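In what follows, a structure is listed as C-alpha coordinates, so that the remarks can point back to it.
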Amino acid sequence: MASVPPCTLGARAPGQRKDEDEEDEPPEEGDAEGGAEAAGEAKRVLVGAQDFDGEFQWEPDPWWMVSWSVTMAFSPGKAPAKWHVRGLGKHRAIPIHAAFTDFVLTNKALWLYTFGFIAVQLSFVAMTGDGFFGNLTGGVVESLRLTTGTSMTWHVFSGSALWSLAFVQIFLRQLRRGPLAWVHRASGRLYLLLWCFIVGPTSAYLSLVVGLGRAHAHFFMAMFALTGIDTTVFAYYYFWRALVVVRYRTNGEDSRDLHGRAMRTGSKFTMLILWQRSVQFLVIALRWLILSLLRVLSLPTLWAGAVAAGWIPAFLRVLVEGVVALPFDHNVILSYTTVVPAAVMLGWVDGPRSSVLCWAMSLKESEVEALFGSREPGRFEKWAWRLRVPLYVALRVVAAQRGWIEGMRDDDGI
(Lines of atoms letter the chains of each structure in order from A and count residues from 1; the text may use other names and numbers.)
(Lines give C-alpha, C1' and ligand atoms only; values in the text may rest on other atoms or scores of the structure.)
Protein backbone atom coordinates (compact mmCIF):
# COMPACT_ATOMS: atom_id res chain seq x y z
CA MET A 1 0.00 0.00 0.00
CA ALA A 2 1.50 3.28 -1.08
CA SER A 3 2.40 5.69 1.68
CA VAL A 4 1.15 9.26 1.64
CA PRO A 5 3.83 11.61 2.98
CA PRO A 6 2.97 13.38 6.24
CA CYS A 7 2.21 17.09 6.12
CA THR A 8 5.19 19.40 5.84
CA LEU A 9 5.53 22.39 8.11
CA GLY A 10 6.89 25.62 6.76
CA ALA A 11 5.88 26.97 3.38
CA ARG A 12 2.22 27.75 2.87
CA ALA A 13 0.47 24.98 0.92
CA PRO A 14 -1.65 25.70 -2.14
CA GLY A 15 -5.03 27.07 -1.13
CA GLN A 16 -3.86 27.79 2.42
CA ARG A 17 -5.28 30.79 4.25
CA LYS A 18 -3.22 33.95 4.07
CA ASP A 19 -1.83 35.56 7.20
CA GLU A 20 -3.51 38.81 8.09
CA ASP A 21 -0.52 40.90 6.98
CA GLU A 22 -0.49 39.42 3.47
CA GLU A 23 -2.18 41.30 0.68
CA ASP A 24 -4.77 39.75 -1.59
CA GLU A 25 -3.32 38.72 -4.92
CA PRO A 26 -5.00 40.33 -7.92
CA PRO A 27 -7.00 37.88 -10.05
CA GLU A 28 -5.19 36.61 -13.10
CA GLU A 29 -6.41 37.80 -16.46
CA GLY A 30 -8.80 35.34 -18.05
CA ASP A 31 -9.37 33.56 -14.73
CA ALA A 32 -13.05 34.39 -14.69
CA GLU A 33 -15.79 35.34 -17.07
CA GLY A 34 -17.23 38.74 -16.48
CA GLY A 35 -14.05 39.97 -14.79
CA ALA A 36 -14.66 43.50 -16.01
CA GLU A 37 -18.09 43.60 -14.41
CA ALA A 38 -16.72 42.23 -11.16
CA ALA A 39 -13.83 44.72 -11.05
CA GLY A 40 -15.93 47.34 -9.34
CA GLU A 41 -17.39 44.95 -6.77
CA ALA A 42 -16.28 44.93 -3.18
CA LYS A 43 -13.75 42.14 -2.83
CA ARG A 44 -15.10 39.11 -1.06
CA VAL A 45 -12.65 36.84 0.70
CA LEU A 46 -13.94 33.28 0.82
CA VAL A 47 -12.14 31.73 3.75
CA GLY A 48 -14.71 30.45 6.24
CA ALA A 49 -18.11 28.83 6.45
CA GLN A 50 -19.58 32.14 7.60
CA ASP A 51 -18.62 33.65 4.22
CA PHE A 52 -20.63 31.15 2.17
CA ASP A 53 -24.32 31.69 1.72
CA GLY A 54 -25.01 28.89 -0.76
CA GLU A 55 -25.11 31.14 -3.85
CA PHE A 56 -22.31 29.22 -5.54
CA GLN A 57 -22.49 25.81 -7.16
CA TRP A 58 -19.43 23.66 -7.66
CA GLU A 59 -18.82 23.25 -11.41
CA PRO A 60 -15.27 21.98 -12.07
CA ASP A 61 -13.84 21.07 -15.45
CA PRO A 62 -13.65 17.21 -15.55
CA TRP A 63 -10.32 17.15 -17.41
CA TRP A 64 -8.89 19.66 -14.97
CA MET A 65 -10.05 17.42 -12.10
CA VAL A 66 -8.17 14.46 -13.61
CA SER A 67 -4.95 16.45 -13.92
CA TRP A 68 -5.43 17.82 -10.41
CA SER A 69 -5.89 14.31 -8.96
CA VAL A 70 -2.75 12.99 -10.67
CA THR A 71 -0.74 16.01 -9.55
CA MET A 72 -1.92 15.63 -5.96
CA ALA A 73 -1.00 11.94 -5.94
CA PHE A 74 2.62 12.50 -6.97
CA SER A 75 3.40 16.11 -6.05
CA PRO A 76 0.95 17.71 -3.59
CA GLY A 77 2.98 20.92 -3.40
CA LYS A 78 2.40 21.69 -7.10
CA ALA A 79 -1.35 21.23 -7.14
CA PRO A 80 -3.54 24.13 -8.30
CA ALA A 81 -4.70 26.33 -5.45
CA LYS A 82 -8.24 27.10 -6.61
CA TRP A 83 -11.40 25.50 -7.87
CA HIS A 84 -13.74 27.46 -10.07
CA VAL A 85 -17.39 27.77 -9.12
CA ARG A 86 -20.20 29.40 -11.03
CA GLY A 87 -22.87 31.46 -9.32
CA LEU A 88 -25.17 34.35 -10.13
CA GLY A 89 -23.91 34.40 -13.72
CA LYS A 90 -20.28 35.01 -12.71
CA HIS A 91 -17.38 32.60 -12.79
CA ARG A 92 -15.27 32.88 -9.67
CA ALA A 93 -12.41 31.02 -8.05
CA ILE A 94 -12.34 29.85 -4.45
CA PRO A 95 -9.46 28.28 -2.49
CA ILE A 96 -9.46 24.48 -2.73
CA HIS A 97 -9.31 24.16 1.06
CA ALA A 98 -12.61 26.06 1.19
CA ALA A 99 -14.20 23.49 -1.11
CA PHE A 100 -13.02 20.70 1.20
CA THR A 101 -13.70 22.20 4.62
CA ASP A 102 -16.35 24.84 4.03
CA PHE A 103 -18.03 24.98 0.65
CA VAL A 104 -19.33 21.40 0.54
CA LEU A 105 -21.09 21.57 3.90
CA THR A 106 -22.52 25.02 3.23
CA ASN A 107 -24.03 24.04 -0.10
CA LYS A 108 -27.81 24.18 0.26
CA ALA A 109 -28.30 21.47 -2.36
CA LEU A 110 -26.39 19.01 -0.15
CA TRP A 111 -28.64 19.75 2.80
CA LEU A 112 -31.77 19.54 0.68
CA TYR A 113 -30.66 16.05 -0.34
CA THR A 114 -29.74 15.23 3.28
CA PHE A 115 -33.13 16.14 4.71
CA GLY A 116 -34.86 14.47 1.77
CA PHE A 117 -32.95 11.28 2.56
CA ILE A 118 -33.90 11.54 6.24
CA ALA A 119 -37.58 12.14 5.39
CA VAL A 120 -37.74 9.14 3.05
CA GLN A 121 -35.97 6.87 5.53
CA LEU A 122 -38.15 7.82 8.50
CA SER A 123 -41.33 7.67 6.40
CA PHE A 124 -40.59 4.10 5.35
CA VAL A 125 -39.84 3.14 8.95
CA ALA A 126 -43.15 4.63 10.10
CA MET A 127 -45.22 3.03 7.31
CA THR A 128 -43.57 -0.38 6.93
CA GLY A 129 -41.45 -0.93 10.03
CA ASP A 130 -38.32 -1.11 7.88
CA GLY A 131 -36.02 1.41 6.23
CA PHE A 132 -35.98 2.40 2.57
CA PHE A 133 -33.14 0.09 1.56
CA GLY A 134 -34.47 -2.68 3.77
CA ASN A 135 -37.66 -2.60 1.70
CA LEU A 136 -35.80 -2.12 -1.57
CA THR A 137 -33.61 -5.20 -1.05
CA GLY A 138 -36.28 -7.41 0.49
CA GLY A 139 -34.74 -7.22 3.95
CA VAL A 140 -31.32 -8.39 2.78
CA VAL A 141 -29.17 -5.40 3.74
CA GLU A 142 -29.64 -2.42 6.07
CA SER A 143 -32.89 -3.89 7.28
CA LEU A 144 -34.39 -3.28 10.71
CA ARG A 145 -35.65 -6.88 10.64
CA LEU A 146 -32.18 -8.46 10.69
CA THR A 147 -30.54 -9.56 13.93
CA THR A 148 -28.71 -6.22 13.89
CA GLY A 149 -32.05 -4.42 13.62
CA THR A 150 -31.93 -2.87 17.08
CA SER A 151 -28.53 -1.32 16.44
CA MET A 152 -29.66 -0.17 13.00
CA THR A 153 -32.76 1.48 14.47
CA TRP A 154 -30.69 3.43 16.98
CA HIS A 155 -28.27 4.36 14.23
CA VAL A 156 -30.98 5.64 11.87
CA PHE A 157 -32.76 7.85 14.40
CA SER A 158 -29.64 9.18 16.13
CA GLY A 159 -27.93 9.80 12.78
CA SER A 160 -30.92 11.84 11.60
CA ALA A 161 -30.74 13.95 14.76
CA LEU A 162 -26.96 14.30 14.33
CA TRP A 163 -27.21 15.80 10.85
CA SER A 164 -30.04 18.09 11.95
CA LEU A 165 -27.80 19.46 14.71
CA ALA A 166 -24.97 19.88 12.19
CA PHE A 167 -27.30 22.02 10.08
CA VAL A 168 -28.03 24.20 13.12
CA GLN A 169 -24.31 24.59 13.80
CA ILE A 170 -23.45 25.59 10.24
CA PHE A 171 -26.37 27.73 9.08
CA LEU A 172 -27.84 29.42 12.16
CA ARG A 173 -25.02 31.92 12.48
CA GLN A 174 -27.01 34.29 14.66
CA LEU A 175 -26.75 31.73 17.47
CA ARG A 176 -22.96 31.83 17.58
CA ARG A 177 -22.77 35.04 19.58
CA GLY A 178 -25.05 37.15 21.73
CA PRO A 179 -27.69 36.10 24.26
CA LEU A 180 -28.59 32.95 22.28
CA ALA A 181 -25.02 31.66 22.06
CA TRP A 182 -25.91 29.02 24.64
CA VAL A 183 -28.12 27.36 21.99
CA HIS A 184 -25.11 26.99 19.69
CA ARG A 185 -22.98 25.54 22.50
CA ALA A 186 -25.71 23.19 23.70
CA SER A 187 -26.46 21.88 20.21
CA GLY A 188 -22.73 21.35 19.63
CA ARG A 189 -22.38 19.36 22.84
CA LEU A 190 -25.47 17.31 22.05
CA TYR A 191 -24.01 16.65 18.59
CA LEU A 192 -20.80 15.29 20.12
CA LEU A 193 -22.67 13.23 22.72
CA LEU A 194 -24.86 11.65 20.03
CA TRP A 195 -21.81 10.78 17.96
CA CYS A 196 -19.65 9.51 20.81
CA PHE A 197 -22.24 7.28 22.48
CA ILE A 198 -24.75 6.25 19.81
CA VAL A 199 -23.97 7.07 16.18
CA GLY A 200 -20.24 6.29 16.29
CA PRO A 201 -20.46 2.98 18.19
CA THR A 202 -23.39 1.68 16.12
CA SER A 203 -21.60 2.71 12.91
CA ALA A 204 -18.47 0.78 13.87
CA TYR A 205 -20.46 -2.25 15.07
CA LEU A 206 -22.68 -2.46 11.98
CA SER A 207 -19.60 -2.16 9.75
CA LEU A 208 -17.76 -4.88 11.66
CA VAL A 209 -20.56 -7.48 11.60
CA VAL A 210 -22.01 -6.75 8.14
CA GLY A 211 -23.26 -9.96 6.53
CA LEU A 212 -21.70 -11.89 3.65
CA GLY A 213 -24.83 -12.25 1.52
CA ARG A 214 -25.84 -15.23 -0.59
CA ALA A 215 -22.58 -14.98 -2.52
CA HIS A 216 -20.56 -15.45 0.71
CA ALA A 217 -18.41 -12.55 -0.46
CA HIS A 218 -15.81 -12.55 2.29
CA PHE A 219 -13.38 -10.22 0.53
CA PHE A 220 -15.96 -7.63 -0.56
CA MET A 221 -17.64 -7.45 2.82
CA ALA A 222 -14.31 -7.35 4.64
CA MET A 223 -13.36 -4.31 2.53
CA PHE A 224 -16.68 -2.71 3.45
CA ALA A 225 -15.99 -3.39 7.13
CA LEU A 226 -12.49 -1.88 6.97
CA THR A 227 -13.75 1.23 5.18
CA GLY A 228 -16.68 1.74 7.54
CA ILE A 229 -14.57 1.37 10.67
CA ASP A 230 -11.87 3.68 9.30
CA THR A 231 -14.44 6.36 8.49
CA THR A 232 -15.71 6.17 12.06
CA VAL A 233 -12.21 6.40 13.52
CA PHE A 234 -11.35 9.50 11.48
CA ALA A 235 -14.59 11.21 12.54
CA TYR A 236 -13.90 10.42 16.20
CA TYR A 237 -10.39 11.84 15.91
CA TYR A 238 -11.42 15.14 14.33
CA PHE A 239 -14.27 15.68 16.79
CA TRP A 240 -11.95 14.98 19.72
CA ARG A 241 -9.26 17.34 18.46
CA ALA A 242 -11.87 20.03 17.69
CA LEU A 243 -13.00 19.83 21.31
CA VAL A 244 -9.40 20.12 22.53
CA VAL A 245 -8.72 23.11 20.27
CA VAL A 246 -11.70 25.12 21.50
CA ARG A 247 -11.04 24.09 25.11
CA TYR A 248 -7.45 25.36 25.31
CA ARG A 249 -7.47 28.00 22.53
CA THR A 250 -3.70 28.08 22.19
CA ASN A 251 -4.05 30.40 19.18
CA GLY A 252 -6.50 32.77 20.83
CA GLU A 253 -9.50 33.75 18.73
CA ASP A 254 -7.99 31.96 15.70
CA SER A 255 -8.74 28.72 17.53
CA ARG A 256 -12.44 29.21 16.79
CA ASP A 257 -11.77 28.95 13.07
CA LEU A 258 -9.56 25.87 13.51
CA HIS A 259 -12.22 24.31 15.74
CA GLY A 260 -14.83 24.90 13.05
CA ARG A 261 -12.68 23.38 10.31
CA ALA A 262 -11.98 20.29 12.41
CA MET A 263 -15.68 19.86 13.21
CA ARG A 264 -16.67 20.24 9.55
CA THR A 265 -14.00 17.76 8.48
CA GLY A 266 -15.27 15.22 11.01
CA SER A 267 -18.84 15.87 9.89
CA LYS A 268 -17.95 15.09 6.28
CA PHE A 269 -16.69 11.68 7.36
CA THR A 270 -20.11 11.03 8.93
CA MET A 271 -21.84 12.08 5.70
CA LEU A 272 -19.95 9.83 3.28
CA ILE A 273 -22.93 7.50 3.55
CA LEU A 274 -25.00 10.04 1.61
CA TRP A 275 -22.76 9.53 -1.44
CA GLN A 276 -22.90 5.77 -0.97
CA ARG A 277 -26.69 5.60 -0.66
CA SER A 278 -27.29 7.52 -3.87
CA VAL A 279 -24.87 5.34 -5.85
CA GLN A 280 -26.26 2.19 -4.24
CA PHE A 281 -29.77 3.17 -5.30
CA LEU A 282 -28.64 3.70 -8.90
CA VAL A 283 -26.87 0.32 -8.99
CA ILE A 284 -29.94 -1.43 -7.54
CA ALA A 285 -32.08 0.26 -10.20
CA LEU A 286 -29.65 -0.93 -12.89
CA ARG A 287 -29.77 -4.42 -11.37
CA TRP A 288 -33.56 -4.46 -11.60
CA LEU A 289 -33.45 -3.24 -15.21
CA ILE A 290 -30.94 -5.90 -16.30
CA LEU A 291 -32.77 -8.72 -14.53
CA SER A 292 -36.08 -7.60 -16.06
CA LEU A 293 -34.50 -7.59 -19.51
CA LEU A 294 -33.09 -11.07 -18.98
CA ARG A 295 -36.52 -12.35 -17.95
CA VAL A 296 -38.14 -10.78 -21.01
CA LEU A 297 -35.59 -12.54 -23.21
CA SER A 298 -36.19 -15.79 -21.27
CA LEU A 299 -32.45 -16.23 -20.82
CA PRO A 300 -32.74 -17.73 -17.31
CA THR A 301 -35.20 -20.33 -18.62
CA LEU A 302 -33.01 -21.14 -21.63
CA TRP A 303 -29.94 -21.41 -19.40
CA ALA A 304 -31.72 -23.70 -16.94
CA GLY A 305 -32.88 -25.89 -19.83
CA ALA A 306 -29.36 -26.10 -21.24
CA VAL A 307 -27.98 -27.07 -17.84
CA ALA A 308 -30.70 -29.70 -17.33
CA ALA A 309 -29.99 -31.15 -20.77
CA GLY A 310 -26.32 -31.51 -19.91
CA TRP A 311 -25.16 -29.12 -22.61
CA ILE A 312 -23.29 -26.96 -20.12
CA PRO A 313 -20.31 -28.51 -18.30
CA ALA A 314 -20.53 -28.27 -14.52
CA PHE A 315 -17.40 -26.13 -14.12
CA LEU A 316 -18.65 -23.67 -16.76
CA ARG A 317 -22.06 -23.47 -15.10
CA VAL A 318 -20.50 -22.64 -11.73
CA LEU A 319 -18.17 -20.09 -13.33
CA VAL A 320 -20.86 -18.30 -15.35
CA GLU A 321 -23.44 -18.26 -12.56
CA GLY A 322 -20.84 -16.99 -10.11
CA VAL A 323 -19.66 -14.19 -12.38
CA VAL A 324 -23.23 -13.13 -13.16
CA ALA A 325 -24.54 -13.38 -9.61
CA LEU A 326 -21.68 -11.71 -7.74
CA PRO A 327 -22.09 -8.09 -8.96
CA PHE A 328 -25.87 -8.35 -8.47
CA ASP A 329 -25.71 -9.57 -4.87
CA HIS A 330 -27.14 -6.87 -2.60
CA ASN A 331 -24.35 -7.22 -0.06
CA VAL A 332 -21.70 -6.93 -2.76
CA ILE A 333 -23.46 -3.84 -4.15
CA LEU A 334 -23.34 -2.35 -0.66
CA SER A 335 -19.61 -3.07 -0.54
CA TYR A 336 -18.35 -1.67 -3.82
CA THR A 337 -20.57 1.42 -3.69
CA THR A 338 -18.96 2.18 -0.31
CA VAL A 339 -15.38 1.16 -1.03
CA VAL A 340 -15.22 3.27 -4.20
CA PRO A 341 -13.93 5.87 -3.48
CA ALA A 342 -13.93 5.85 0.35
CA ALA A 343 -11.31 3.08 0.62
CA VAL A 344 -8.64 5.60 -0.39
CA MET A 345 -8.59 6.50 3.31
CA LEU A 346 -6.93 3.18 4.05
CA GLY A 347 -3.90 4.47 2.13
CA TRP A 348 -3.48 7.47 4.42
CA VAL A 349 -0.97 5.61 6.56
CA ASP A 350 -0.16 8.66 8.70
CA GLY A 351 -3.81 9.29 9.43
CA PRO A 352 -4.84 12.94 9.86
CA ARG A 353 -1.20 14.02 9.52
CA SER A 354 -1.07 12.71 5.95
CA SER A 355 -0.28 15.48 3.48
CA VAL A 356 -3.64 15.16 1.71
CA LEU A 357 -5.64 15.90 4.86
CA CYS A 358 -3.27 18.61 6.11
CA TRP A 359 -3.47 20.24 2.70
CA ALA A 360 -7.25 19.86 2.54
CA MET A 361 -7.62 21.61 5.90
CA SER A 362 -5.04 24.22 4.85
CA LEU A 363 -3.19 23.99 8.13
CA LYS A 364 -0.71 26.73 8.91
CA GLU A 365 2.44 25.95 10.86
CA SER A 366 1.00 27.50 14.00
CA GLU A 367 -2.17 25.40 13.68
CA VAL A 368 -0.52 22.00 13.35
CA GLU A 369 0.49 21.80 17.00
CA ALA A 370 -2.84 23.19 18.15
CA LEU A 371 -4.79 20.58 16.16
CA PHE A 372 -2.62 17.50 16.67
CA GLY A 373 -1.16 18.31 20.08
CA SER A 374 2.45 18.26 18.85
CA ARG A 375 4.48 19.51 15.90
CA GLU A 376 5.66 16.00 15.06
CA PRO A 377 3.90 12.68 15.75
CA GLY A 378 5.22 10.60 18.60
CA ARG A 379 6.20 6.99 18.10
CA PHE A 380 2.97 5.65 19.58
CA GLU A 381 0.78 7.97 17.50
CA LYS A 382 2.67 7.19 14.31
CA TRP A 383 2.46 3.43 14.67
CA ALA A 384 -1.11 3.47 15.97
CA TRP A 385 -2.23 5.01 12.69
CA ARG A 386 0.04 2.85 10.54
CA LEU A 387 -1.14 -0.39 12.17
CA ARG A 388 -4.82 0.48 12.26
CA VAL A 389 -5.72 -1.45 9.07
CA PRO A 390 -4.15 -4.74 10.28
CA LEU A 391 -6.07 -4.18 13.52
CA TYR A 392 -9.33 -3.82 11.60
CA VAL A 393 -8.57 -7.05 9.72
CA ALA A 394 -7.92 -8.84 13.01
CA LEU A 395 -11.23 -7.59 14.42
CA ARG A 396 -13.08 -8.84 11.34
CA VAL A 397 -11.43 -12.26 11.63
CA VAL A 398 -12.39 -12.50 15.30
CA ALA A 399 -15.96 -11.46 14.47
CA ALA A 400 -16.15 -14.21 11.85
CA GLN A 401 -14.70 -16.87 14.12
CA ARG A 402 -17.05 -15.93 16.96
CA GLY A 403 -20.10 -16.02 14.68
CA TRP A 404 -20.87 -12.31 15.15
CA ILE A 405 -21.22 -11.61 11.43
CA GLU A 406 -24.81 -11.09 10.33
CA GLY A 407 -26.38 -14.32 9.01
CA MET A 408 -23.14 -16.30 9.23
CA ARG A 409 -23.31 -19.84 10.60
CA ASP A 410 -20.71 -20.92 13.11
CA ASP A 411 -19.42 -23.60 10.75
CA ASP A 412 -18.91 -21.26 7.78
CA GLY A 413 -15.33 -20.50 8.74
CA ILE A 414 -13.45 -17.51 7.44
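Note that Cβ sites are derived from N, Cα and C of the backbone, with glycine treated the same way.
Taken from TrEMBL, the feature region 'Disordered' applies to 1-40. Feature annotation from TrEMBL assigns compositional bias 'Acidic residues' to 20-34. Taken from TrEMBL, the feature transmembrane segment covers 110-133, 153-172, 192-213, 219-239, 269-290, 302-320, 332-349.
Long-range contacts of the transmembrane segment (192-213) within the same chain, counting only residues at least 6 positions beyond its ends with a Cβ under 8 Å from a Cβ of the stretch, are 140-141, 146, 148, 151-152, 154-155, 158-159, 161-162, 165, 221, 224-225, 227-229, 231-233, 235-236, 239, 243, 270, 329-332, 334, 395-396, 399, 404-408, 412. The stretch from 110-133, 153-172, 269-290, 332-349 with the most CB pairs below 8 A to the transmembrane segment (219-239) is 332-349. If you look at the transmembrane segment (332-349), the same-chain residues 6 or more away from its ends with a CB under 8 A from one of its CBs are 1-4, 141-142, 210, 213, 215, 217, 220-221, 223-224, 226-228, 230-231, 234, 272, 275-276, 279-280, 283-284, 287, 326, 356-357, 385-386, 389.
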